[in-house]
Amino acid sequence: MTAKMAASIVEHGEDAFRKLFKFYKRRNPPPDFSDVLNFSKPCNDKVFACELNSISICEEDVSKAGLRPVKDWRAFGLHGYPGFIFISNPFLPGSQQYWVKQCLKIYPQKPNVCNLDMHMSSVETENIWEKSIDVIRRKGCGKREPKTLLEKLRWVTLGYHYDWNSKTYSPDHYTPFPKELHSLSHKVAAACGFPGFNAEAGILNYYRSDSSLGIHVDESELDHTRPLLSFSFGQTAVFLLGGTKREDRPTAMFMNSGDVMVMSGPSRLLYHAVPCIVPAPAGNVLPPCLGQRLETEAQDCDIIQSVSEEDWDVCSWYLQTSRVNVTVRQVLASGQTFPSSQASNLSTDSCEKSEEGTQKNKKRKSESGYERDT
């Protein structure tokens with residue numbers, strides 16, 4: 001079945017989103033990606049160029065966070081999706097390596113929370129990186145080794161830690177949000193017209209080659225007037241952006257390494273999903289942008305610092321078949337506080353997951369706090 005045939009099937013019906021999700025998720029035969037938008041070379045009448053606020057942030061400040069000058073960013077919107085902004089890799093050459101290292105080595109550390117904490121003791125999940133790197137280096141030599149903790153990582157939460165069972169945030173479940181990620185998010189939000197954005201919660205999803213992100217809406221934050229920011233690193237994925245109802249047919253687009261998405265205004269509460277990770281082209285194990293090193297020596301005042309060759313060897317091995325996505329949210333409006341009685345809401349927010357059998361799913365729900373989207 002071609003993409004055009006799939007489009008005709010899901011144009012109308014009770015659940016157009018799910019049908020397209022399954023189309024791109026299938027493995028045999030592989031899906032046709034010809035209808036997927038590619039913002040690295042946009043040539044579609046749905047796409048239009050966005051003008052960002054390039055005078056709100058000085059070039060030196062964005063450079064310290066590893067970003068190009070805002071005037072050089074390639075930002076796009078989609079007709080029919082007001083408030084949605086797609087920024088095609090605004091990162092300076094070499095700076096993505098720093099953010100990948102943070103996601104794999106630093107952010108999974110305690111006191112942050114990860115899926116492994118659901119079925120392992122805090123002692124066992126301390127220093128996930130250190131407990132994994134020796135085995136990973138041996139794997140690089142072609143030896144068969146068991147899965148490391150790093151390979152078993154599916155999600156990490158930062159700041160206000162999202163509760164996958166109650167689908168809420170709590171003032172009692174909080175650890176300091178990483179300053180460097182706050183700074184990066186603040187600059188991207190300001191460039192997109194949201195000065196004063198306060199990064200209060202983060203969810204990192206770790207996708208293996210067979211992973212997917214179920215159909216959901218991010219609505220657990222108490223303030224929906226602030227944008228949702230999404231940063232992608234590693235292998236390319238297909239992202240589906242739908243409407244306010246599951247009956248709305250979604251638009252498919254590629255998310256490449258370094259791409260940033262901003263969901264604000266009416267697009268803030270749209271259904272979306274990631275049905276698949278796209279297999280890397282033969283001979284190109286890593287996207288070329290990830291092989292770049294910093295062009296200038298980092299200064300002490302810079303957020304971005306050089307990544308050692310030893311650390312990058314582990315990161316690059318991991319990313320050969322994987323992708324990391326970071327979503328950053330502002331939970332509370334300025335001056336707002338959590339309600340005294342934190343009631344459970346009906347968010348359909350979900351985390352990274354892969355299609356597995358029913359029995360495995362029941363076990364995984366108890367371990368990681370989510371159910372497979374069916």
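Each Cβ is built from the backbone N, Cα and C atoms, and glycine gets one as well.
All annotation found in TrEMBL is predicted automatically rather than curated by experts.
Taken from TrEMBL as is:
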- H216, D218, H272: Fe cation binding site (BINDING)
- 338-349: compositional bias 'Polar residues' (COMPBIAS)
- 350-359: compositional bias 'Basic and acidic residues' (COMPBIAS)
- 198-332: domain 'Fe2OG dioxygenase' (DOMAIN)
- 338-374: region 'Disordered' (REGION)
**OP:** Based on Cβ atoms within 10 Å, give me the single least packed residue among the binding-site residues H216, D218, H272.
**Re:** H216
Original post:
Which residue counts does DSSP give the domain 'Fe2OG dioxygenase' (198-332) for helix, strand and coil?
Top reply: 20 helix, 46 strand, 69 coil
Original post:
Roughly where does the domain 'Fe2OG dioxygenase' (198-332) sit in mean pLDDT, to the nearest integer?
Top reply: 93
